[in-house]
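If you look up TrEMBL, you'll see E393 marked as active site, proton acceptor 1. Per TrEMBL, active site, proton acceptor 2 is recorded for E393. Among the features that TrEMBL reports, active site, proton donor 2 is placed at H522. What TrEMBL lists as Zn(2+) 2 binding site is H392, H396, E420. For C159-C167, C361-C379, C547-C559, the entry in TrEMBL reads disulfide bond. The N-linked glycosylation site annotation in TrEMBL covers N40, N56, N113, N148, N162, N162, N320, N447, N511. Residues or ranges marked as signal peptide by TrEMBL: 1-31.
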Amino acid sequence: MGAASGRRWPRPPLLPLLLLLLPPPPPVVLALDPALQPGNFSADEAGAQVFAESFNSSAEQVLFYSTTASWAYDTDINEENARRQEEAALLSQEFSEVWGQKAKALFDPIWQNFTDPTLRRIISAVRTLGPANLPLEERQQYNSLLSNMSRIYSTAKVCFPNKTATCWSLDPELTNILAASQSYSLLLYAWEGWHNTVGIPLKPLYQNFTALSNMAYKQDGFSDTGAYWRSWYDSPTFTEDLEHLYHQLEPLYLNLHAYVRRALHRRYGDRFINLRGPIPAHLLGDMWAQSWDKIYDMVVPFSDKPNLDVTSTMVQKGWNATHMFRVAEEFFTSLGLLPMPPEFWAESMLEKPSDGREVVCHASAWDFYNRKDFRIKQCTQVTMDQLSTVHHEMGHVQYYLQYKDQHVSLRQGANPGFHEAIGDVLALSVSTPAHLYKIGLLDHVTNDTESDINYLLKMALEKIAFLPFGYLVDQWRWGVFSGRTPPSLYNYDWWYLRTKYQGICPPVVRNETHFDAGAKFHVPNVTPYIRYFVSFVLQFQFHQALCKEAGHQGPLHQCDIYQSTQAGAKLRAMLQAGSSRPWQEVLKDMVGSDSLDAQPLLNYFQPVTQWLQEQNQKNGEVLGWPEYQWRPPIPDNYPEGIDLVSDEAEASKFVEECDRRYQVVWNEYVEANWNYNTNITKEGSEILLEKTVQMANHTVKYGTWARKFDVTNFQNATLKRMIKKIQDLERAALPVKELEEYNQILLDMETTYSVASVCHSNGTCLQLEPDLTNLMATSRNYEALLWAWKGWRDKVGRAILPYFPKYVELTNKAARLNGYEDGGDSWRSMYEMPFLEYDLEQLFQELQPLYLNLHAYVRRALYRFYGSELINLEGPIPAHLLGEGK
């Protein structure tokens with residue numbers, strides 16, 4: 001989620017730090033210009049009015065200065081910008097302190113009784129000092145902690161195993177891996193690497209930040225920082241209201257979770273997905289499993305319908321970052337709302353710089369408090385998801401533009417959730433197939449039930465999947481701030497909540513060394529998060545009200561408010577109010593109700609809710625995760641094998657190509673082999689060697705290619721076996737010269753065997769087939785049989801013996817190059833029995849009694865024929881007497 005820079009005064013400085021390992025020189029404590037300090041005011045409501053006006057003009061100057069310093073740092077992380085940012089933070093805190101103390105001194109006894117409610121809101125905001133309550137030394141420490149936490153997050157990288165030159169930033173590399181890869185191991189490495197690299201060093205800093213932040217806000221009368229954050233919602237039943245909303249929405253989430261878990265099970269199998277357990281956190285297309293739309297292609301119900309992820313079309317049509325922002329601007333102006341000012345286009349950072357600067361890539365909108373300078377900082381990529389983010393961030397800027405003439409203390413959303421909802425409301429229209437068609441990203445609109453289900457499921461993967469995460473992040477932080485979650489339980493409680501609400505689990509063992517909450521931007525950057533949960537409820541309330549204003553007829557999910565100036569006028573009135581009125585009043589004017597209501601969201605998703613329930617019932621799915629303590633195993637060959645391809649469809653195409661080419665090469669080899677074996681000539685041997693080399697080249701090419709696949713999680717068992725077979729290069733694994741030598745040895749041994757003959761003293765020679773074979777089968781002459789048996793072995797064995805040591809050496813080498821211990825291990829692997837030798841021994845023991853009886857019987861018969869001189873009834877049988885010579 002993007003972050004808006006506009007915040008309730010005093011604005012907590014969200015300061016990233018420098019890239020260098022050594023700390024910068026301490027910031028210079030600048031003296032506040034006397035012209036910016038409060039003057040003398042009467043201690044009454046009239047004096048408070050003058051006080052508020054004077055504060056407003058001074059605050060605009062201070063906020064412009066501090067925001068400019070933060071922008072400079074976020075768009076160019078370096079030591080000098082870090083120092084200037086901390087100086088600006090100290091100056092703004094001094095400003096908060098002197099004006100806040102003045103407000104308390106003058107108006108604390110009386111401000112709550114002022115007749116002007118807007119004035120009461122202003123004085124209440126100014127008198128809340130936050131970090132400005134801290135003594136200077138603690139204030140500097142507080143700012144330094146924020147800087148360090150943001151620096152760690154913004155500059156962290158995950159490096160490829162044993163390759164420190166190949167390192168990935170969160171944006172775009174790790175984000176793209178989580179979104180696009182289906183390799184269990186690569187996803188795990190990216191997830192684990194990010195959480196370790198960011199979280200572990202953040203933990204002690206966050207512990208110290210919590211102590212100082214609580215110290216500051218307790219002096220404003222709050223029990224802890226969490227209580228201060230909750231005060232922005234002006235409701236004594238806020239936490240209870242949130243819980244009620246969550247329970248209303250939980251059944252829809254449980255059905256979505258079960259459906260997605262089944263799809264992941266089809267992809268990754270029983271080993272990594274438990275159909276009664278939580279989902280491993282790295283498999284859902286997002287580093288934090290907060291949005292699942294990146295795995296839409298894996299779970300799409302009706303894949304023959306038009307693809308609603310129009311990323312490829314955007315790329316094909318040459319869209320770039322600027323065009324995406326122009327499209328968003330045109331949507332706002334079509335409603336009669338304001339265009340982006342010239343400063344926006346001149347000063348915004350819409351793409352990641354290519355000049356080597358380190359920047360904070362997390363998308364954010366910025367109000368510079370001079371009523372004309374508004375910017376967006378985003379490392380935009382051309383994707384449909386980023387198009388939604390563009391609308392989200394521009395929604396913040398539209399809010400800034402509309403309330404810019406409010407008092408500076410009131411330049412914020414009616415509550416924080418309002419600010420986050422505005423751009424998302426427009427994105428609900430932008431994402432409809434009808435609107436995508438209008439802006440040229442779909443060729444046609446298909447209006448049928450199946451297309452509707454596809455669209456709503458895609459939206460559910462983005463919106464519904466987010467709800468428990470949006471709910472739990474601040475549940476965890478409120479526990480940290482209150483002390484209910486001490487540092488010794490930071491990670492335990494984080495995963496307790498993530499499993500309880502999201503039904504996800506860590507994919508590797510985590511403990512209190514880790515600080516996985518810190519791997520989410522909003523935690524180290526101290527941005528409250530419950531606003532996003534609130535906004536996801538509000539945006540559907542707003543959408544329903546604006547669709548009604550626009551005259552939409554039909555299902556809510558098909559509504560597009562584009563070009564409705566009536567809807568724009570209603571939205572404008574809400575935006576212009578800022579936080580000058582209680583949010584409940586602003587909401588009632590907008591939607592007719594003064595409370596958060598999940599029903600519009602449930603109405604929007606009703607068709608897909610029913611469909612999911614039917615699918616889950618049909619498949620016998622378990623809703624929830626009763627085996628909540630289950631954890632997946634570590635993959636084989638992890639992390640060394642993370643660069644392997646695990647896409648089954650890609651593997652299937654590879655096997656088809658390999659097989660097609662293999663048939664040609666194998667046919668030529670077999671034909672050459674046949675020709676040689678049926679006519680042994682020098683020319684035939686040369687052709688056979690040539691075809692053997694050709695076969696080896698094919699084996700190496702496709703075997704090497706096959707080794708790029710990780711088949712561990714393939715669900716097609718036949719495909720898995722085929723890839724494993726192709727991965728074995730056999731003798732082709734040998735270096736070229738040794739392979740040539742090996743092939744020649746095999747040919748020479750085969751030729752020696754095939755052409756050998758045994759000759760009588762009279763010159764008559766007998767070959768093995770058919771002469772010696774017939775003699776051994778038909779003769780009963782002891783001496784003739786002995787001559788044939790011994791002669792064949794003397795002739796062939798002695799001739800082959802010189803080749804054999806080298807043959808064994810090269811066979812073993814080839815086997816080891818294929819991952820086996822030796823040639824025997826390679827041969828045994830073909831039986832796919834891990835205990836083959838033991839199993840064979842057991843079989844032999846079972847069969848041995850039959851053989852012993854047969855042996856004794858035959859030996860007795862040979863004894864009767866050859867007599868006691870040649871046959872020992874208690875000894876072995878001479879090998880040449882049994883009718884064949886092998």
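Residue 1 is the first one shown; counting continues down the chain.
Heads up, the Cβ atoms here are built off N, Cα and C, so glycines get one too.
Feature annotations (TrEMBL) mapped to structure.
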residue	record	contacts (Cβ under 8 Å, 6+ apart)
N40	N-linked glycosylation site	none
C159	disulfide bond	T166, C167, W168, G193
N162	N-linked glycosylation site	none
N320	N-linked glycosylation site	V382
C547	disulfide bond	L556, C559, I561, A567
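H392 (Zn(2+) 2 binding site) has a Cβ environment of 27 other Cβ atoms inside 10 Å.
The CA atom of N447 (N-linked glycosylation site) is located 33 Å away from the CA atom of H396 (Zn(2+) 2 binding site).
When the recorded positions N56, N113, N148, N511, H522 are ranked by how far their Cα is from the Cα of H392 (Zn(2+) 2 binding site), H522 comes first.
In the shown protein chains, 26 other C-beta atoms lie within 10 A of the C-beta of H396 (Zn(2+) 2 binding site).
C361 (disulfide bond): 20 other CB atoms within 10 A of its CB, across all protein chains. On the backbone, the CA of N148 (N-linked glycosylation site) and the CA of the residue listed as 'active site, proton acceptor 1' stand 26 Å apart.
A Cα-Cα distance of 21 Å separates N56 (N-linked glycosylation site) from H396 (Zn(2+) 2 binding site).
Ranked by Cα separation from C379 (disulfide bond), the recorded positions E393, H396, E420, H522 are led by E393.
The DSSP secondary structure for C167 (disulfide bond) is strand.
Of all the disulfide-bonded residues listed here (C167, C379, C559), it is C167 whose C-beta has the fewest other C-beta atoms within 10 angstroms.
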